[in-house]
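So the structure is just underneath, and the comments pick up after that.
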Amino acid sequence: MSSLTNILYFQAGLGILANTFLLCFYTFTILCHRSKPMDLTSCQLTLAHILFLLAGGDNWLAVILESLNIENDFKCKAIFYTNRVMRGFSICITCLLSVFQAVTISPHTSLLAKFKHKLKTYIIYAVFYIWFYNFLVCSHLLVYVGGFNNVSETNQMRVTESCSLFLMNYIISGLILTVTTFRDVFLVGVMLITNAYIVIILFRHQRHCKHLHSIRHLRVSPEKRATQTILLLMVFFVVMYWVEIIISSTSLLLWMYDPGFLTVQKLIVTVYPTITPLVQISSDKRVINVLKNLQSKCQQIF
């Protein structure tokens, strides 16, 4: 149990460091007016991942709130509300990135080509809508999550050592489950469709290039590199998402608290926000150049 907890802390810490570095990079790039169309969205995704990792159960956010002498009930509401909002925002933005890349690489003869010139405007509106939507959808947690007490254990499920989920009305729980399930299934479906479209476009492009050049002289374009990165993230996200759904659904059906079960669930849900910045760092030439410059300066100093 302690070894799993140590792995969880290491994984979350690595994710926070990597996302913080990317957040600083994107912020600096945007302020210097040298940003790409999706840098603003990627910047918000890294911020969401930082907050998600901080609010991952009873981790750093809980420690911060406890140090401020915040009462347990408010602490639990803040942690779980932040966690679920950032999780919802992450899946929405990941889907948005997939759609953006599909539109970007689409040929000028396709139906998606007409959206290219207004894509940046559409993305700004979409991001604002995504924030508002997730704040609203997760608002029930402000009512049905609170500090654990021993007064009536049958009406609450202990989800951490100090927090519990209160029993909901069947109509309310059914409505919440329907809305969140529809959102997740719809977004995952859109990601799968756009990924299939991207793969088809890449296959056609590569086949066309083979007729014009020898394979040895083919170079990977920035667009293709970005597309491959997003494809990798999409596949990884979909796999991790469904594994997490199975685990969380099992926990709700059993209506029981198990520390080991909860730790395994935390490990799985924090994999994506930890891996994503590492993949982005390794695939973005701008970030690689910054790291190389920092390395050369450190070598000169020491």
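Residue numbering: from 1, along the chain as shown.
Just so it is clear, glycine is given a Cβ too, placed from its N, Cα and C backbone atoms.
Over in TrEMBL, the protein carries these features:
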type	residues	note
DOMAIN	18-280	domain 'G-protein coupled receptors family 1 profile'
TRANSMEM	7-28	transmembrane segment
TRANSMEM	48-65	transmembrane segment
TRANSMEM	85-103	transmembrane segment
TRANSMEM	123-147	transmembrane segment
TRANSMEM	159-179	transmembrane segment
TRANSMEM	185-203	transmembrane segment
TRANSMEM	230-257	transmembrane segment
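As a quick check, the transmembrane segment (185-203) and the transmembrane segment (7-28) miss the bar of 3 or more Cβ pairs under 8 A, pairs 6 or more apart, so the two do not touch. Between the transmembrane segment (85-103) and the transmembrane segment (123-147), three or more CB pairs separated by 6 or more residues in sequence fall under 8 Å, so the two stretches touch.
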